[in-house]
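J.: Pasting a structure below so you can have a look.
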Amino acid sequence: MTAPTTRADCVRLDEADPLAALRDEFAVPDGLVYLDGNSLGVRPRAAAARAAQVVEQEWGHDLIGSWNSAGWWELPGRLGDRLAPLIGGGPGTTLVTDTTTSNLFKALAAAMTLQSSAAPGRRLVVSERDNFPTDLYVAAGLAELLGQGHELRLIESPADLDAALADGPAVVTLSHVNYRTGALWDLADVTARVHAAGALVVWDLAHSVGALPIDLSGADADFAVGCTYKYLNGGPGSPAFLWVHPRHAGAGTSALPGWWGHARPFAMESAFEPAEGVGRFLSGTQPVVSLALVECGLDIASCADLAAVRAKSLALGDLFLDLVEQRCGDHPLTLVTPREHERRGSHLTLAHPDAFAVVQALIARGVVGDYREPDCMRFGLTPLYLRFVDVWDAVDALADVLDTRAYEDPAHRTRSTVT
Ligand SMILES: *Cc1c(COP(=O)(O)O)cnc(C)c1O
C-alpha cells in the first residue's frame, strides 16, 4: 500500500473497511485515540448491562442459587468453548480461569512432569531472555520447586533456537508475539521443530489471541495460555485461558489440584481424583463477576473473521509506519518491530531516547500508547475498534510532539507506579 497523504484518504479507507461497524460495539471514549488495546482492551458496550445483571440479579437477588440457575459453575468450560475457535481448539480443550501466570505454572508443570516420565533424561527448559518476565519467573521457579535438576536456558534471539533444541530439551516455552518488540514466532514451524527435537511446547498467546488467526490443533501444539483482557476486551484483570491438547488432558497432572478440578467435586472426598480432560486443571472458586464479563468481548470477537482482523491489523501497521517515515523521518526513532508481515504481531514498537516523556506528551494529546523499558514506545493496533483516521491522528500528534520537543516539559517526565 502506498501511504495516503491526507486524512481524507484515511476516511476513505475506513469507509471501505469490512470491520468498521464493530467499533459501535465498544464504548471508545470520545476524542481518544486508544493504542493500548494490547495491554487493556476497550470496554464492550454490553459489559455494563451484563455487570449489572450479574451483580443485581444473579448475585443480589438469586444469591447462591445462581451457581445452578445462572450457570456460574459451568462458566470456565463454557467460555473456554466459546474462546476455543479463536485459537484452533476443539470443544472441551479450553478453560477460562485464573490468571495467565497461574495457568502457565500449571501448563509448564504438567509438561515438565509428563516429560519426567516419558523422557527422564531431559532436564532442560528453554525460553527467550526477552520473554515477558512473569513467564521467566514461573519457569525458573518451577525448575527449582520440582527439585528434579531442571535447568532453564534462555536463548538470546530466535536464531539460537536450533542450537538449544540440539541439546535435547524437555520443554520449550515461548510467547507467540513478544510483548515488547511485537515480533511474531511461526507457531506451526516452531512447534514442529520442538517436536522433532523430542520436546513439548507451551505457548503464551497473550499478545496474539484475538489479533491474528491461531491454529493450535493444526500445529499439533501441546499447551497454551493467554490473557482475555488484551485483544479480547474482557476487562481489567479478567480471567485468562488454558488450552491443553486432548492427548495430554487425560494424562497431565495439575500442580494446583483443587476441588474444582475433582472428578466429583460435591462428593467432597478427601483424596483428589482428577476430572476427565482439561477440567482437571481447574483449581478453586472463580471470580464470577469478572469471568462473566469475558463473554461480552468474546461475543464481538466471534463475529469477526480473523483473517479480516489480521489483514486490517497489518494495513493499520503499514499505514502507521509509512506515515512515521514521512512525517517523523528527521527524529531519532528506530523501528524495533520486524517490518515483514509474517514476523510481526499487532503492535508496533519504536525506540526513542526520550520514549517515556514522548508517550506522556502523546497521552496529554489524547493518544494513548505505552512505554516499556528501556526506551520503547508501544502502539497497539486493535482492528475491532481502531480506524485508519485514528492512525493518521496518532502520527500527527507524534510528529507534533517531536517537532515541538513537547516531551522536554518536566510535567511529562514524572513516573507513576504503572508505566
Ligand atoms: C500480559 C502478559 C502476561 C500477563 O500475565 P498475568 O498473569 O495476567 O499478569 C503474561 N505473559 C505475557 C506474554 C503477557 O504479554
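Keep in mind that glycine also has a Cβ here, set from the backbone N, Cα and C atoms.
When I checked TrEMBL for this same protein, it listed these features:
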BINDING   T100, T101, F132, P133, T134, D135, D204, H207, Y229, W259, T285  pyridoxal 5'-phosphate binding site
MOD_RES   K230  N6-(pyridoxal phosphate)lysine
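Are these features on the surface or tucked inside, and what touches them?
T.: The local packing around F132 (pyridoxal 5'-phosphate binding site), expressed as other Cβ atoms within 10 Å of its Cβ over all shown chains, amounts to 20.
Under DSSP, K230 (N6-(pyridoxal phosphate)lysine) is assigned to coil, being neither helix nor strand in the three-state scheme. Sequence-distant neighbours of K230 (N6-(pyridoxal phosphate)lysine): residues of the same chain at least 6 apart with a C-beta under 8 Å from its C-beta are G37, N38, S39, L40, G41, A206, H207, V209, G210.
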J.: So which binding-site residues out of T100, T134, T285 are up against ligand 1, CB under 6 A?
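T.: So the answer is T100, T134.
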J.: Taking every protein chain shown into account, which of the binding-site residues T100, T134, T285 has the largest tally of Cβ atoms within 10 Å of its Cβ?
T.: T100
J.: DSSP secondary structure for F132 (pyridoxal 5'-phosphate binding site), reduced to helix/strand/coil, please.
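T.: The residue in question, F132 (pyridoxal 5'-phosphate binding site), is coil (DSSP, three-state).
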J.: Provide the number of Cβ atoms within 10 Å of the Cβ of Y229 (pyridoxal 5'-phosphate binding site), excluding the reference atom itself.
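T.: I count 23 other Cβ atoms within 10 Å of it.
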J.: Looking only at T100, T101, F132, P133, T134, D135, D204, H207, Y229, W259, T285, the residues listed as binding pyridoxal 5'-phosphate, what is the longest Cα to Cα distance in Å?
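T.: Among the residues the record ties to pyridoxal 5'-phosphate, max Cα distance equals 31 Å.
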